[in-house]
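Record features (TrEMBL):
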- Tyr23: active site, proton acceptor (ACT_SITE)
- His100: active site, proton donor (ACT_SITE)
- Asn74, His80, Asp87, Ile101, Ser102, Arg111: substrate binding site (BINDING)
- Arg18: site 'Transition state stabilizer' (SITE)
Amino acid sequence: MAHIQIINGPNLNLLGKRQPEIYGAETLADVEANCAALAQELGLEVSFFQSNHEGAIIECIHAARENAQGIVINPAAYTHTSVAILDALNAFDGAVIEVHISNVHKRESFRHHSYVSGRADAVIAGLGTEGYQAALRRMVTLTAG
Ligand code: DQA
């Protein structure tokens, strides 16, 4: 069974409370529960990690080198700033899907560039929290065989 590590970056612990007009009313716990239920249906094993600290996210990606076949990552604001997260993902051999809850291309221009997209096998933006579920569905194909 493929193991998928789901990683959420800074401020996503406030999902549901933070700018709900942009990010919706679901909490991170809701998102994780929905992903866990879907993963069971899809025959995937999933683990969840959220941190407001860049180094902790990098260490989670390093650990995934040993124990995961895929990473679903919403790097949040680090998307637009972090060469270090890109470097960590470049050291991971499995599938990578970048998820953004909002459509970053419809927002401020500083959100239009992502360091992570050049490494990602797929980029999902603007599907709301359903983006995580879309990513898991795609992971079935990306991690098959
Ligand atoms: C985000 C978009 C980022 O620009 C922002 O900094 C976030 C969340 C999203 O999920 O839409 O924190 O990654």
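Placement of Cβ uses the backbone N, Cα and C atoms for every residue, glycine included.
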For this session: Can you tell me which of Arg18, Asn74, His100, Ile101, Ser102, Arg111, our recorded positions, come within under 6 Å of ligand 1 at the Cβ?
Result: Asn74, His100, Ile101, Ser102, Arg111
Exercise. Within 10 Å of the Cβ of His100 (active site, proton donor), how many other Cβ atoms can be counted across all chains shown?
Worked result: 21
For this session: Select the most exposed residue of Arg18, Arg111, where exposure means the fewest other Cβ atoms within 10 Å, treating these as the recorded positions.
Result: Arg18
Exercise. Looking at the recorded positions Arg18, Tyr23, His100, which ones sit with their CA no more than 10 Å from the CA of Asn74 (substrate binding site)?
Worked result: His100
Exercise. Measuring Cα to Cα, how many angstrom lie between Arg111 (substrate binding site) and Arg18 (site 'Transition state stabilizer')?
Worked result: 17
